[in-house]
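Trainee: Marked as domain 'Sugar phosphate transporter' by TrEMBL: 56-334. Taken from TrEMBL, the feature transmembrane segment covers 78-97, 109-130, 165-183, 189-212, 224-241, 253-275, 287-309, 315-336.
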Amino acid sequence: PHSRQAYVTLGLRCGAFRFCGPMEAEANAPAKAAAPPVPEVTPGARISAAVLYGMTSLLIVAMNKEVLTSYAFPSSNVLAMGQFVFTLVAMLPLHLFGLLKLEPLSGRVVSLAGPLSILFLVDVLCSLAATQRLSLPMFTVLRRFAIPMTMLLEKAWGQATPPRLVQFSVWMMVVGALVAAYDDLGYDFLGYVLVLIGDAMTALHGCLIKFTLSDKSKLDKVNLMFYNALFSSLLMTPLLLNSGDELTKTYQFSHWGNSVFLVALFCAVSLGLALQYTIALCTEVNSALTTGVVGCFKNVVTAYMGMIIGGDYLYSPLNFAGVTIGVIFSVVYSFATFRNFLQPSKPDAALTPVLKTYLK
């Protein structure tokens, strides 16, 4: 009589089978764990993260230029190593006193942080070397090529599809960079190659860090910063030991007794930690594209400031026009992007399953 509508469960109750209806069977079934809700990011948090990253990025570019060009510090690699070591020295005591939690080193940590560290290291080394060879205005306009690279990667990997106004402003910034480069009186081929390699590393690093931070089962910002610095310093050590007379020139540098230089050097080294944190924070609550263009928008200040500090900018009307085109469309992009911050939004989707599988 219960053949079609009843569910038969084999349970030992008084030595007999027990029949239960569909409703009762559903009630007795183990409850499925509810998926945790995705937290909303408020407009204030998104804007604050973007502004903090922009200010930190502006300061570190200015300090790096001051140390490498104004004081002619002999080694950008030593400066990069100083930034990595400062991060480790600052974070380890906080971990030992229980103020932050670092995951123990494992194969999982290496697989997640290792690729990011390699990309970050190449980016830092190329960017510092390019800063030393190029004027700040040309360095900043060439760094804008990181933005279309990021935009294309995000679109290919399913992270974000920016509105048309954003895409138009990004490509116009590239046009401005090409115009400025066409009449660059201080043209340096190696400097151009280095900054473009750095652009590619910035774009790839930004997209991968967005994926890593979007899944809370992976590494958080603090662990990414620490292991990024640890792996980068380990990779840097043999490079410095085999750099010829680079360490000797650094040891014999004439400004070690100059207190103003030491302050600038300390700022350049310590801001590396702040920059890593603000990059991760801005990318997590916004997107890799937003992080890239906020970094570009701070160049509105850097581009014109660089015509004064450093003393290596050579003015020409066409070059200045190209720099200005890039600046104008940086403002257009910022308007289009931050207009979308007026409403809370959830973090962008993660990457495609193919890339997820590769990174596991």
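Backbone N, Cα and C atoms are what each Cβ position is placed from, and that goes for glycine too.
The shown structure was predicted, so the numbers you read here are calculated from the model rather than taken from an experiment.
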Trainee: If you count every Cβ pair below 8 Å, which range out of 165-183, 224-241, 253-275, 315-336 shares the most with the transmembrane segment (109-130)?
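Mentor: Going through each listed stretch, the top one turns out to be 224-241.
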Trainee: May I ask which of the stretches 224-241, 253-275, 315-336 has the most CB pairs under 8 A with the transmembrane segment (165-183)?
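Mentor: Stretch with maximum Cβ contacts: 315-336.
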Trainee: What else in the chain is close to the transmembrane segment (315-336), if you only count residues 6 or more beyond its ends and a Cβ gap under 8 Å?
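Mentor: Residues 137-138, 140-141, 144, 163, 165-166, 169-170, 172-173, 175-185, 293-294, 296-297, 299-300, 303-304, 307.
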Trainee: Express the predicted model's confidence over the domain 'Sugar phosphate transporter' (56-334) as a mean pLDDT, rounded to an integer.
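Mentor: Across the domain 'Sugar phosphate transporter' (56-334), the average pLDDT comes out at 83.
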